């Protein structure tokens, strides 16, 4: 019943209007479809996303080559396989590519088939994806890290920090956390509009006003939390995705921050100061992916007080994560399916993080689709945290709505992660 009968692929459009890959896998009694996302700020160690490069078509960003690779190589490779054996299926996909970074056939092609096969398997056994992947233990609804103010490469507004997020960890349930986030989002819109700021949104649904400094952005976020009737640090925390690899000069070992050149020591000192002035509970990619000295310094200074997330540092790669754990860099990992390219490797990375005492945050990409796989993955793995944008743009809201559906399905059996992921040894806890 779970034998794969067909694999088809097509080119579809993502939330930025760029092509991406969608695959559909059919077994004797089930079907699964999946579309892969794409990032704007990408780590240099990520699995390779294959683009056509034909400037006459989608400005070179077409994915017909990746689609063809599914139709002629990857699809035939898994025909007749048992969709219920995800590990073996992903092994075959990886072997078909044969390169260390999935550059031959494309991580976007491989992941589309991997995700679609998982969905087909779940459909075959008549289970929701989150239950199929997570089993009976899947019951934790994640605390959302909601990106309400954008900067960096996600917005042309002069801010280096890429995401200013709110973390409604004081809520009693996921539904209440989502409501809290939506209220703060709309309140921020009102504050910005009142001050004559632009209220257009960036790639991930957050506002992208032109502000004088990163600190000014944080001040707006805290004002919005308070104006919405919530207590900063008690009901709602703040998280940052600095994505500072985009603003690092490896030759001079200097960062651009607030339009000034800074050393790694100065950058870490800035974070230390901001963490004292604002209720910051998480900092992602606070220094560049290849700045090991910076990561050591940041972890030594703030690792016992704040969640330090490696995104570009680890790129959802078990080998890079293992080295990071051994070296004591960061204390959490961002999980992006398309950084590594298969469901199995993603699950392995989450398991490895847990064994090493690192938290996992399931994440979207700036170029998204209506696909809700990451919502199911967050619950399946009891990760406890999810990053999937603001309370706007249907490509972001789709994930939140799927989490609401899962919440209703779990009923009294669900647990909301709340503050738990952010409690660290040495950190001051909210009363």
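Including glycine, each Cβ sits where the backbone N, Cα and C put it.
Among the candidates 219, 265, 266, 284, the residue that Swiss-Prot annotates alongside 241, 311 as binding Mg(2+) is 284. According to Swiss-Prot, 162, 336, 365, 366 bind (2R)-2-phosphoglycerate; the candidate from 305, 387 that the record adds to this site is 387. Note on proximity: of the recorded positions 204, 241, 311, 336, the one nearest residue 366 ((2R)-2-phosphoglycerate binding site) is 204, by Cα distance. In terms of Cα spacing, the recorded positions 162, 204, 284, 311, 365 that come within 10 Å of residue 336 (active site, proton acceptor) are 311, 365. Its Cβ taken as reference, residue 387 ((2R)-2-phosphoglycerate binding site) is surrounded by 30 other Cβ atoms within 10 Å in the chains shown. For residue 162 ((2R)-2-phosphoglycerate binding site), the nearest neighbour among the recorded positions 204, 241, 284, judged by Cα separation, is 241. Taking the centre of the Cβ atoms of 241, 284, 311 as the Mg(2+) site, the nearby residues of that chain (Cβ within 8 Å, site residues left out) are 162, 163, 240, 242, 243, 283, 285, 309, 312, 334, 387. Put simply, 387 is the one of the recorded positions 204, 365, 387 whose Cα lies nearest to the Cα of residue 284 (Mg(2+) binding site).
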